[in-house]
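Asks: If you scroll down you'll find the structure; I have some questions about it.
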Amino acid sequence: MNLNNLENIRYNEIKEFSDKIKKEFTFFQKKQVMDIIEKLNKDPRKNVIKLGQALEKFLNKYEEELKRTNNMYNFDRRYGNNYLIAGVDEVGRGPLAGPIVAAAVVLDLNVEEMQRIFNIKDSKKLSEKKREELDIIIREKAISYNIALVDNKTIDERGISWSNNEVLKRAVEGLKVKPDLVLSDGYAVKNLNIRNEFIIKGDSKSISIASSSIIAKVYRDNMMKEYSKGLNMYGFNHNAGYGTEEHVQAIKKYGPSKIHRMSFLTNIL
């Protein structure tokens, strides 16, 4: 759209163009967008000025997210630009029911800036919808990923500490490529025959760990929703097996199901 004669262009057309910029921002140069904002802000119409202000706010937010994303990529790249780095994280350590799940993800850390995956962060800080969207993108862009689980019966037999380490180990060992380095969240993975560095609050610092956190959570949440179809009295579709008041009361009323961790229910039954 040619904005040289902006005063002759209808508001609705300008708004459509503004919305297109936001949707297809990667196809525009930053300077080009800044020039458009300047023209919109000089228009005598208040509603057009508001479009310029909204576009400027969008640009600032995008710049902040770009910086945050680059920091997460650079955190992993500091270990070596030519390294294959896997991030690994688990979800489901604390629930009363269901498996513990881990994912390992190897990303291309040297992709061009605009090809990087934006909005990646600790899965707990994302909405369910955003996690689902990012799960698809991560799987598509990953060099390799693998999801592993340890079921409730094994958790009861071997204990949660063993199961937690085992599921992380299985996730890494199931990758189709062998990484040079494994980054884990919070603590080291024992008995792993690959160099391993653990990162405190890794899912907020490392793009690889945060990515693994997201696909592990999406996988487990969807699994618990499937279980809920035959065990709807426990509310697995929204509590994911965690010990909410509703869940605890259901256990007391109906007893445990086949996917409950009996070793976690000693204070309930």
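Even glycines carry a Cβ here, placed using N, Cα and C.
Below are the features I grabbed from Swiss-Prot:
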- D89, E90, D185: divalent metal cation binding site (BINDING)
- 83-269: domain 'RNase H type-2' (DOMAIN)
Asks: Of D89, E90, D185, which of the binding-site residues has the most Cβ neighbours inside 10 Å?
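Replies: Per the Cβ count, the most surrounded site is D89.
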Asks: Write out, in the order they occur in the sequence, the residues of the chain not among D89, E90, D185 that have a C-beta within 8 Å of the mean position of the C-beta atoms of the recorded divalent metal cation site.
Replies: V88, V91, A102, L168, S184, G186, G202, D203, I209, S212, S213, A216
